[in-house]
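Engineer: TrEMBL feature annotations, pasted as is:
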BINDING   Asp299, Asp308  Mg(2+) binding site
COMPBIAS  116-135  compositional bias 'Basic and acidic residues'
DOMAIN    287-637  domain 'RNB'
REGION    106-139  region 'Disordered'
SITE      Asp307  site 'Important for catalytic activity'
Amino acid sequence: MMDYLISIDLFSASSASSPAAKSKKPTNKGGGSKKHVFESYMTFEEVSHGLKRGELIQVQSKCCRSLDDTRDIFLDGIVARNRALNGDIVVVKVLPREQWKVVRSDTDCEGTSESEIQREHVGQMAQKKTEHTQRPDGLVEDQDELQKSTLTDTGTVVYIVEKKHSRAATGFLKFLPDKPFAMFSPMDHRVPRINVPLADCPEDFTFRSGDYTNTLFICRIINWAADSNFAEGQLAKTLGQAGEIEPETEGILTEYDIDCSEFSDEVLDCLPKNLPWNIPPEEMAKRRDLRKECIFTIDPATARDLDDALSCKQLPDGNFEVGVHIADVSYFVEEGNALDAIASKRATSVYLVQMVIPMLPRLLCEELCSLNPLTDRLTFSVIWKITPEGKILSEWFGRSVIRSCVKLSYDHAQSMINAPEKMFSAEELPPVDPVHPIDEVHQAVLNLHSIAKNLRAQRFSGGALRLDQLKLSFTLDKETMMPQGCYVYQYRDSNKLVEEFMLLANIATAHHIYRRFPELALLRRHPPPKTKMLDELQELCDQLGINVDFSSAGALHKSLNTALGDDEYSSARKEVLTHMCSRPMQMALYFCTGVLKEEQLFKHYALNVPLYTHFTSPIRRYADIIVHRLLASSLRLSTQQVEKQAAHCNDKKMLSKRVQELSSDLFFGVFVKECGPLDSEAMVMGVLDQSFDVLVLRYGVQKRIYCKSVAGLDSFHHRKVGKKSELTLVWAAEDPEKPRVEQVRTTDSENKCFYYGGDWFLVL
């Protein structure tokens, strides 16, 4: 019953502006009724009763997972989605079982596979126009015919509870002769085509439309009538030329509703006025003074928002006093003021390749809250007495004051780990507080590294999982911010050191606040993988002769770290398998313990811990600020308010992650356009009937290769061997006298390929 009550509360606040309020049948100008393309929405009352009786289910249209996490609902096409867009909270009516569909495992529940909905970039639009067919509903779809495997609950949207999608899209305008509107084609194929009044278009568009072929626009949907395949919209802005970083970036940020505006005067008035700011004596008296301790930060070399610091002091008994010290952002961000409101709304900082869009004003991010060296700073600390083997003997939480003695980069810390006996000179490191000699800092790093190795070993032997995927990084021209090179980011021991103690602090904090506030704690759970997808992956691995144990997170981790063969492609197989294993994984989610009653649902699957939260990054995550307020017993929110904020943080976290991925895709595309072609080996990840997916090993990029677009390919044909797909490629011989070359592609096949002009090409 609680699930139904939550559902009703969620949409009651927005019912006044809900589609149900506008569900009257539209009529044409002549007064006759038009035929509906979409079903009219139910009324608020009908939905309320349907939810209570269990006849309707509330889901998020991105994943079509019921809010109680019990079932997936497949929405078969645009008509079933009924004008809902990706991410919207909707109410669904499940169809009779005889109308359920059989759905392929790599297809999302809105009827579009993940690899089909990636945003296009740099030189791909013209090519893609020839690879997609226009559907009568105004969307485009790949020519690949879906391979299907699993019978899935199938439904149709009957009500939109909350329009989470921004209704903004980036795309191109097309002139339509004899029409009073232009056709806007979004780059995201999940968004419908949009009719835009000509009066809303550039003044010279009607007679010089060809000048705008490669111009990006932002369009906002303002209406989508039940009798139309197409939405109606208004142009919000002309962005510039497609394929250029600034207009593409602006389009991404607008489309994903990322607030990158300057902070208002009302917000800035919440900040301290007397600068440089000093800690008031009365505040100092309330805190544990740690300024004489050897405390330091370890961050990326370019980081300017330093929100965590570490300390490690050996005790006479051979044990260690280890501290994690986190910027006390909640001291400056008072609950309920304008600064708190904007931080709550933004919920997270957004990291793009070339810039950061901060959650908080830069005075806080980079100065007052940043744990800059040789400066007194307010912190929340967790300090343990811990054995060299990593066993915790005691624990202390509290507000403190620190003075970081040095700002180390990951490179500096790694150098110390690599050379334990070396005496580092002052010139090799950033300025160090003379109170703490360089060798004291060096020894502290070595001790932390030793303890972290033991903690990490214990975590993985205890059943934790880590899916390491390649992360692409870029070197940028300092003046133009254009990409000069790209490389795969190296995750080293210095990164692992920091990660281990941040995890330890977050786990400790989760237990601490849950003990004190069992109905109000903001925690972070990670649901187990989707069962159907995991079963299908297990079946595929069995077909391929790959021994992978999916019975638990720990078993999977052990399997992935067992050599997959002993040839030159064993590491490549691990990369591919890691990517494949990531597909069934669900996102970790913030939640309030007073709402999710069953403790077994609190668990974090990947970490294999019962309780987890975020405490260590309050400068860039609003969830951490709430956790800090709980630690300080100063949170004045109710259970429902905490849950609402948790849901908002989840949404913004997801959008931020997607924007970061799109930014990386954009820079990679621009880099290849300027510096390509790039050669790389690739391994086949999956085979369809007219295409196959590959992992490009040098860059960690996934790409779908369409057989019809591969140069030199004479023909191809697909067949099933058991449940394994095989695609035979027949290549035309260079010498007409010689026979054609046949090549069979399955998952685990290797190929040479290169990227040029927006597409990957195969090389025999």
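Residue numbers in this text run from 1 along the chain shown.
Placed from the backbone N, Cα and C atoms, the Cβ positions cover glycine too.
Just so you know, TrEMBL annotations are computer predictions that nobody has curated.
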Engineer: If one looks at the chain holding Asp307 (site 'Important for catalytic activity'), which residues at least 6 apart in sequence have a CB under 8 angstroms from its CB?
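Structural biologist: Those within reach of Asp307 (site 'Important for catalytic activity'), by Cβ under 8 Å and sequence separation of 6 or more, are Ile326, Ala327, Val329, Cys369, Ser370, Leu371, Thr616, Ser617, Pro618, Ile619, Arg620.
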Engineer: Over all shown protein chains, what is the count of other CB atoms within 10 A of the CB belonging to Asp299 (Mg(2+) binding site)?
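Structural biologist: Its Cβ has 20 other Cβ atoms within 10 Å.
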Engineer: Sequence gap of 6 or more, Cβ distance under 8 Å: name the residues on the same chain that satisfy this around Asp308 (Mg(2+) binding site), in order along the sequence.
Structural biologist: Thr297, Val324, His325, Ile326, Ala327, Leu371, Val498, Met502, Thr616, Ser617
